[in-house]
């Protein structure tokens, strides 16, 4: 009997050890799942982290990324208390005035990451894309030197001219020249101006790239700097009617430079500073990546997207003097591009970007990635738009027709160029098209799936969490079977002993103490001596009464999501 008691105690010890092992395994699985979510959602493949100055190693890394003229020391104002108490609610109130054109462009248009969009003189849509190139953390070193020069220039055409109605490719050019495309714009003479962040250069080409060689080149190839003849990852160009032009320079130098038509420098302004947050009113002329430019001819203004400060700054184009700034809490702390239309008294069409903040600490920090229309007169948002009224993932640039009726958005990932038409002009959709959209949030056709990396694949986080849940469920089931077999053997030994035996009572108590979820010995199908049978799940009176209190304590823990260089 002592041997039986010893075996039973050993079995109990092994069971407790098994519970502990399962608990440890589950903790490790949860940690791995959370880590996978962080790695997936906080990808720095194309975006800088939105970290505050003074936050240790992150701040130092940011300063390395923005290395150029150096970050200016300024005293940012105390962040004002937001007037909007619930950003999510206020976003839901915004009207949607533009209708997404699902079938544009044509399915045979194959694209890489689309970085810029503009119009030629004929009204065709001109886009700049990277084909097979991706900007990630290894693309540049800390001295801003491009690390993939050995790959040579992109071998396919990087500039496409699309017919505005059908989206068919009318012309294309730009192969065997560019390394990492960024900005593109056209001037009144239909010349095309582009920037390449890998080459640290700005180029002017003939209309439709005729001749294949630039008419004007600024900057030194693959050598960054902040002098009069060098740039550091320039982002955009805007050209006045008289031929003078502006360059946004850029990721490192955080300045705007004005040139004559011949390429002689006239003005330069701007300092590099990163606040970590956007402000309704903030110091002028300070940039955290001037990322895009647009002109407001009626007011003789040049406006710049101050990307990491979440605002648009506008300056007088003749002097570079600050005029005004535009910001909304609904846009958030990151603003990637804007375009101007004189429609409705003057409007800015804006695209923001995903925040890199960890989690959502308050309603004011809620972030949604949309296109927005802002009135320049009132500085208020009047509407929003997105693919099928949903959000974008990584919008990079935007263009709008002069009448304000059509908007195009360039997106890095998924690799798309989007078209939106004002609802007053949009054609009603057929019933079949409506059903197709209701079945799929993005309405991507079968051929589009291969061409555009649709956004609705299961995420790595979801797959990891599902795998961990299955592993835990399987482990629990195995544990239950082991416990049933152990209790079955224990009960057989006990049942063969006289009830009056003292050892019988000790074994019974010992067997009861090994129960994993309390001391109440509830009957289950696998406790019956004949083994597990499906019929054993029913007693003579039918189903056993369910213990509702047992399920009230089992809730899946909520997980916080994260919000994401280009």
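The chain as shown is numbered from 1 upward.
Note: Cβ is positioned from N, Cα and C throughout, glycine not excepted.
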Range annotated as transmembrane segment - as stated in TrEMBL, picked from 416-438, 439-461, 462-484: 462-484
Intrachain C-beta neighbours of residue 182 (Zn(2+) binding site), sequence separation six or more, cut-off 8 angstroms: 115, 116, 128, 194, 195, 196, 197, 233, 234, 235, 236, 566
Around the Cβ of residue 291 (Zn(2+) binding site), the count of other Cβ atoms that are within 10 Å: 27
Number of other Cβ atoms within 10 Å of the Cβ of residue 232 (disulfide bond) across all protein chains: 23
Cα-to-Cα gap, residue 117 (Ca(2+) binding site) vs residue 252 (disulfide bond), nearest whole Å: 23
C-alpha spacing of residue 314 (disulfide bond) relative to residue 396 (Zn(2+) binding site), in angstrom: 20
Residues within 8 Å of the 117, 184, 397 Cβ centre (excluding the Ca(2+) site residues themselves): 114, 115, 116, 118, 126, 127, 128, 183, 185, 337, 396, 398, 399, 410
Rounded inter-Cα distance in Å - residue 184 (Ca(2+) binding site), residue 314 (disulfide bond): 20
Cβ-Cβ neighbours of residue 252 (disulfide bond) (radius 10 Å): 26
